[in-house]
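Here is what Swiss-Prot records for this protein:
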- 1-13: compositional bias 'Basic and acidic residues' (COMPBIAS)
- 25-34: compositional bias 'Basic residues' (COMPBIAS)
- 1-34: region 'Disordered' (REGION)
Amino acid sequence: MPPKKDTKGDSKKGQKAKAGSGGGKAKKKKWSKGKVRDKLNNLVLFDKATYDKLYKEVPSYKLITPSVVSERLKIRGSLARAALKELHSKGMIKLVSKHSAQVIYTRATKDTDSKIVLRRGHQ
């Protein structure tokens, strides 16, 4: 007579074998379509309307950087830098910080300018 098989042990082995092979093939990840940016068609030179807008609106901005001006007026960054230098030289905007890579301006208020003059006069 053949030896008895342990049915309890076989059932555990069978469960382990089923669990290991039960996953099947994993689904292949689909490549997502990359985000497409719209091409910026910014002005290289000022036209009359944009130049007027520069002198009217930009001095009233609280934070003035070449990137902000470029984005709002739809002009190139190099043109925005040159325009901000011009506005600063005319005293329409005030320099906050100057760095080789980033220049930050703010609106020139008459109150802050007079306070600076008074403080310098006091010292």
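Numbering starts at 1 and runs along the chain as it is shown here.
Placement of Cβ uses the backbone N, Cα and C atoms for every residue, glycine included.
Here the compositional bias 'Basic residues' (25-34) has no Cβ contact under 8 Å with any residue of the same chain six or more residues outside its ends. Assigned with DSSP, the residues of the compositional bias 'Basic residues' (25-34) fall into helix, strand and coil as follows: 0 helix, 0 strand, 10 coil.
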